[in-house]
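Below is one structure, written out as structure tokens; comments come after it.
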Amino acid sequence: AVEVSRPSDALAAKNAANQAFTTLLAGVGSIALLVGGIGVANTMIISVLERRREIGLRRALGAKRSHILIQFIAEALLLSFLGGALGCVIGVSVTGGMSLVNSWPFSLPAWVIGAGLGVTVVIGAIAGLYPAIRASKTSPTAALNAQ
């Protein structure tokens, strides 16, 4: 038996497969962002706990709550930016390598890298907000008496 198919059927199947693959990758990327955000939040919480005496000393020497808040937000932003930049370098390298090995054309718009870095910085800011607020509300006397 001979089976006849139209090119539009093949195109529709290709588009459906592309859509499924895109959805799968978006889901994996979202989970990776969530895990990264939790990692930044955890790192910053541990940092605040380990540096209580430093925070107390800075507050006792006249640092305002806003100074402490800005310091810890800046640290969270730096941590997330560096992680995002490293992720972009690895992603571009792997994509370029796969393209080279398979003789595919390499195409990666610059806005994708910018958007990736932007999203990681926003996630880092959100993840670092609670630890920064907690650090800024630390009482100087309680922090200096902490072991």
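Backbone N, Cα and C define each Cβ position, glycine as well.
Positions annotated as transmembrane segment by TrEMBL: 20-49, 69-96, 108-130. If you look up TrEMBL, you'll see 29-140 marked as domain 'ABC3 transporter permease C-terminal'.
Only residues 6 or more beyond the boundaries of the transmembrane segment (20-49), in the same chain, are considered here, and those with a CB under 8 A from a CB of the stretch are 55, 72, 75-76, 79-80, 83, 119-120, 123-124, 126-128, 130-132, 134-135, 138.
Among residues of the same chain six or more beyond the transmembrane segment (108-130), those with a C-beta under 8 A of the stretch's C-beta atoms are 33, 36-38, 40-41, 44-45, 72-73, 75-77, 79-81, 83-85, 87-88, 91-92, 95.
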